[in-house]
Amino acid sequence: MTLAARLKQEFVSGWKPFEVVWLALFIIAQIWAYVQTPDSWLAMISGISGILCVVLVSKGKISNYFFGLIFAYTYFYVAWGSNFLGEMNTVLYVYLPSQFIGYFMWKANMQNSDGGESVIAKALTVKGWMTLIVVTTVGTLLFVQALQAAGGSSTGLDGLTTIITVAAQILMILRYREQWLLWIGLNILSIFLWAETPAIYLMYSAYLLNSLYGYYNWTKLVKRTN
């Protein structure tokens, strides 16, 4: 298959009209937020690339990792400017490496879907849920203490969102549907964390809506796999 054919399959095939409108509205909203409050062009780029990334993830498209890489680089500097140490460490040690690891993990587990390709999705077992809850709780308590010792801002909320992000990112790489439940919780918390940065605040609001759709769509992918 030629490069042009692969790009067409990835970005044109398998899209529903409302998904295209959904994505366009999110991007327009990001640009509007920057025009209204031009606080940081990096925040705008981070917001747009982040929205492209999560919408592609919700559809199970492997191209999400390209936009995820752009998001990771720009978001790091935005978090740095806000002194959110937990978010900075998340980008450096979770988001960046996971873009490369996730790409190769997904590449080996793709299937034809609605004229395009989508990832083969899985669902957590009861044992998996128990492990997730214990590890997330203990990890949050330990990381919040570390952030307080380092003098970070909003350490409780910052620490909680960081650990949830790590857990959700791992579930995403491993292709588990339940990542979306964590993303829903994370996006609600992040809306409060970034309340004073309009572009990022709006980005997480868009993420919240997309994560609801992502859970719905991945439930269909799990059923298709089974």
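Every residue, even glycine, has its Cβ placed from backbone N, Cα and C.
What you are looking at is a predicted structure, and each value in this text was computed from that prediction instead of being measured.
Per Swiss-Prot, the topological domain holding Thr90 carries the same name as the one holding Gln148, which places both on one side of the membrane. Long-range Cβ proximity for Asn187 (beta-nicotinamide D-riboside binding site), meaning a same-chain Cβ under 8 A and a gap of 6 or more residues, is found for Tyr204, Ser205, Tyr207, Leu208, Ser211.
DSSP assignment over the topological domain 'Cytoplasmic' (175-179) gives 1 helix, 1 strand, 3 coil. Residues in the topological domain 'Cytoplasmic' (58-65) partition by DSSP class (helix H, G, I; strand E, B; coil) as 3 helix, 0 strand, 5 coil. Counted as Cβ pairs under 8 Å, contacts with the transmembrane segment (91-110) are highest for 154-174 among 37-57, 154-174, 180-200, 203-223.
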